[in-house]
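**Q** Shown below is the structure under consideration.
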Amino acid sequence: MSLGTVLISSLVNQVSAQEVPDIGYESDTIEHIAVSGRPMSDIEKPSTAATKMDVSIKDTGRSMMELDADDLKMRALQDVREAFNYVAGFRANGPADRTYIARGFSTSIDNVMVDGLRSLQGGEGGTGSKLPSTFNAENTTFLRGPEAILYGAGVAGGLINITSKKPQTTAKTSIGLNNRSYASSDTGNFKRNDTSFNLDSTGPITDESVLYRVLAQYTPSGDHFQDGREIEELLLDAALSFELGENTTILPRFERTDRKRTGGSGYADGVFESTFASGEVTTYGKPINRGKYYGSPIDVGENESTSASVLIKHQIAEDWKLAANFRHNETTSNALDLYISDSSALENEVGKDLVNRKWVYSAGDDSYNLFDINFEGKVETGSIKHHLLAGYNYRDMDIKFARSFQDSADAVGKNPISASNPDQQVTGPIPDGLVDSPAKPRTQTDTNIYLKDRISIGNTTIAAGLAYVKQDQEELSSGETIASSFDDTLWDLGVVQKINRDINVFATYSRAYEPVKGRYIIEYGNGKTDYKPVEGNNYELGIKGDLLNNNLTAAVTLFALDRSNSTKFNRGDDGWELLQLDGKSFESKGVEVDAAMYFSPKFNSSLSYAYTDAHDTVGDDKGVQSNNTPKHAVSLWNNYTFDKNISFALGLRYESERNDGDYKIKSYFEADVGAYYKTDDWDAALVVNNVLDKNRVEAGANWVTVQPNTPRAVNLSLNYHF
């Protein structure tokens, strides 16, 4: 079972009012099935993200939530970042997509998986990293809590797995147009548009033993809501499926991302807020000039990522099967930005309208090799049933990263901008040698050998896991090499008790680990090299089931996580330094509730709620709620089917007050609405996000600038199927 057989409640595939999409979750070919009325219980569906085993969500017991392709489409969610709006306990963490928040923990995008293997969607910090698009997602799983035994290093608060769309036996092609217009007075009503063209084609090539699927999305010149920012993007996913007899399937897959940005890699996304002019900032006010960009007119960024993979599945015997998955990823990226820094040498002052900026350039050249092979089987010894999983997971990273900043003292007076009117700015020259900074190479290998056993005796299932984990990393910087090696044995243990056919209760314990990155040690260790791996414990207790004659699916999870040897960045007299807190240093406790209610064949609702109390247990920030983590987060999505062709939806979202270092971010409430029309050959959707056009702070950016939320966005999609 997964990270510790952590049997946590889960609610998946929140039901939409539209036709249910391809739902053969664990099969290699997924047929399109039209259904009327209510589909099978959400928690009876299988999901391998938490276990890598053929186990239903109900019996898995991890705290998780899934959004399928139809859920994403109905909410007009274009990528993982936007999907966080409807997954309580997860949220974005500032303008740059290098990390996200899960259960109060800042979590690297390295914990985003595609088909069970780590993705590579962007480079290191500042080079245009982006949480993956969901254009090719069959479903997206949000697993709360870490999963070190199956996936390796990571003390994160949760991981994400995107299951890509697979080839189908039924021939079908869809072509479509999506357009997002920003309808807000401060961003120019309907003047800025993000238009993309889409293709999804699948079917047999010769007979049903050889299938294909091609998905593509092209955005020729997509406007951001901030004037001066655009993106040109090509996304491609091509896959084949070969049936070699009755027992073997081979699925090769190729994915390509080509992204060119004008303005904004993540450094320069911030704007000022209404209290800045007063000279004192404690609680952020409303963003000002939300539709303006505070970088330079020549800021640019590029990101190219290529992925080639092959999945092999073989049925060894009736109860035994093998799965082997290999992927090679390569990403090149670069970004040039003129941004507002918190460096004291820039001589910026809160309340002073003229603000100094400085240049930063970053580039990455990253390569991953990833491999996972496992055997799954079932055996019985008398009245005892064993469900076994044994596997090997390997990752080889080769990263070359360069980043160079303009000297702050040199930048003073050369690149000023007005806080109140960013059209008044001076773009100074790019310093000589800035873009020629040498890359710092880093290599890392991760090895996991894992074993899981689900032991069932009557109505009780005991799930135990054991893994040997090893990580080696080496980094070179300024002629200095930092090499480190870590290995350990991890275990987890959980129990699931079936109360009756519809209800399970569960409890679990698991461990997690993550060695400190060598790059951080070199750049911010100030000579210290003896950093210990960050380690953690994970405890969960919950109940889940189908109630009210299967009209209510509900899951409630109590969790407690703690971390030892946590690291944090602190600004000292000599710049930033990496501190390590000895012993237990961070904890997160709370409750998560996921529920779906079917009031009638025409009306249903889904709820996601999380209460999270996450804070340091030692140091100056002891007891202070962790950054960007609301104590209360809730979303509610309502679907109403008018007739077989027309349906409507209403989404409501709320987050309580959050911290951003020394500053507060106010609570907010937002609403989304949607209208949908569908025939056999056509479907159309009109979705308005942030329909009330709330202007608020999404997160802190650099210094006292903030990332504004997305203004009212009118999303129109039209698709033709043949």
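From the backbone N, Cα and C atoms, a Cβ is placed for every residue, glycine too.
Curation does not apply to TrEMBL; its annotations are automatic.
So TrEMBL has the following annotated:
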type	residues	note
DOMAIN	57-158	domain 'TonB-dependent receptor plug'
DOMAIN	260-691	domain 'TonB-dependent receptor-like beta-barrel'
REGION	416-443	region 'Disordered'
COMPBIAS	417-427	compositional bias 'Polar residues'
MOTIF	705-722	motif 'TonB C-terminal box'
**Q** What else in the chain is close to the compositional bias 'Polar residues' (417-427), if you only count residues 6 or more beyond its ends and a Cβ gap under 8 Å?
**A** 271-272, 276-277, 288-289, 292-294, 296-298, 338, 340, 352-355, 357
**Q** Give me the DSSP three-state residue breakdown of the region 'Disordered' (416-443), ordered helix, strand, coil.
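**A** For the region 'Disordered' (416-443), the helix, strand and coil counts are 3 helix, 7 strand, 18 coil.
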**Q** Using DSSP, what's the helix, strand and coil tally for the domain 'TonB-dependent receptor plug' (57-158)?
**A** 24 helix, 33 strand, 45 coil
**Q** Can you break down the motif 'TonB C-terminal box' (705-722) into helix, strand and coil residue counts using DSSP?
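**A** Looking at the motif 'TonB C-terminal box' (705-722) with DSSP, the answer is 0 helix, 12 strand, 6 coil.
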**Q** Average the pLDDT scores across the motif 'TonB C-terminal box' (705-722) and report the rounded value.
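**A** PLDDT averaged over the stretch: 96.
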